[in-house]
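A.B. asks: My questions will all concern the structure given below.
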């Protein structure tokens, strides 16, 4: 008789049916339960099918209360935000920054880049206008601070010549300067022996890379002084009194004995302008594309080189003009005269903008710095005088404005952009900021001329006619009362405008030359 084999001791015990069942799925908001017996499987929970409940349809007449949207899940408390460590950051080596935060900017340096005059305020301006002005002032302060901070990146500094005690700097030779400066500056030194056709007048291009010179005996030449490459060299067979580059190094203006001639960089004559005769000095205004010429006959002529037309011909009434320069800040021409005065001119005005008595004798030379704030003059009285027009020189060039390393294609693109941004000649004035103001006098004059020409005022408002109201509220007395109220409001507006105009006239009379009060208030009289 066969018997069943006994289970070995090492074999695992059989699982109970009740214990073999899988554990119920635990939700994350329920507490975790520990298994009561060993061998309970912790497999993935089964999903229970939910029975679809039939919801009664709401009828139009029944009203159902709003259900609460409160979640049954317990709300987990939010974690608190950790406060940032306000201690100064440390580098990889663990060293602490001794100068945290942005670098401080001196007020005097930032003031150089500001253009808004905060001293002039509008007494009766609206709140919206005042808020816009405040926003503009804050933006200008931020921009001026950024511009002043970026000056730290400029490596070049203006040079100067300082002699020992009692030493005359006029006796220091160029060879001595070359030996004292660094190698890079000494490499820019070159010497031209031009003793045959002198004396010479010379001019650098706007980028500073090209040099043009013309001799009294007709020698005209242009070269790239960095590479020492000769661009052109001709002899015009008559006296050359002055020479100037135009908007680029591709065009040259030469004031010859009789007329004004225009040449290209190959020495080919392009134009002969006979209306500009007996020219003694030349100046080119790059932003206006104007070539200013001073002649022996005492006329100051402005030639627009973009269209080839003469914009203005002004008679200075001071005899022969042989001293002329320009102010690069406002494009005003300065003329020196034989009676010791310097006059300031604009093509938009027939008379001089201002006159400055500088010397007892005739003026021999006039120079204005690059930001247009200082003027130096020398006269026959052997005196050198410097007039403060506010500003300083700038040794670092702007690559976007005048790039000495630009290619031919970049030069052509720059010419197109400069022609599109050309400034009209009528906008040349002593104070460029005055262009943003409204000329009330000329506006009123134009309005009067228009009324006289048409016979009526097209901008005049129609007389106020109150609308009739219903229900007996449009009586004659109420209509007259409403008309009087509107007339009183219009009268108050007119009085306020007239007072504002009087205040503006008083301010202009107090400061007639707002830009340069320190210099012109002394000498204009």
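Note: Cβ is positioned from N, Cα and C throughout, glycine not excepted.
TrEMBL entries are annotated by machine, without manual review.
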A.B. asks: In TrEMBL, which of 396-454, 455-513 is tagged region 'Disordered'?
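C.D. replies: Within the set 396-454, 455-513, TrEMBL attaches region 'Disordered' to 455-513.
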A.B. asks: DSSP on the compositional bias 'Basic and acidic residues' (486-497): how many residues come out helix, how many strand, how many coil?
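C.D. replies: Split into helix, strand and coil, the compositional bias 'Basic and acidic residues' (486-497) gives 12 helix, 0 strand, 0 coil.
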A.B. asks: For the region 'Disordered' (455-513), jot down how many residues DSSP puts in helix, in strand and in coil.
C.D. replies: 35 helix, 0 strand, 24 coil
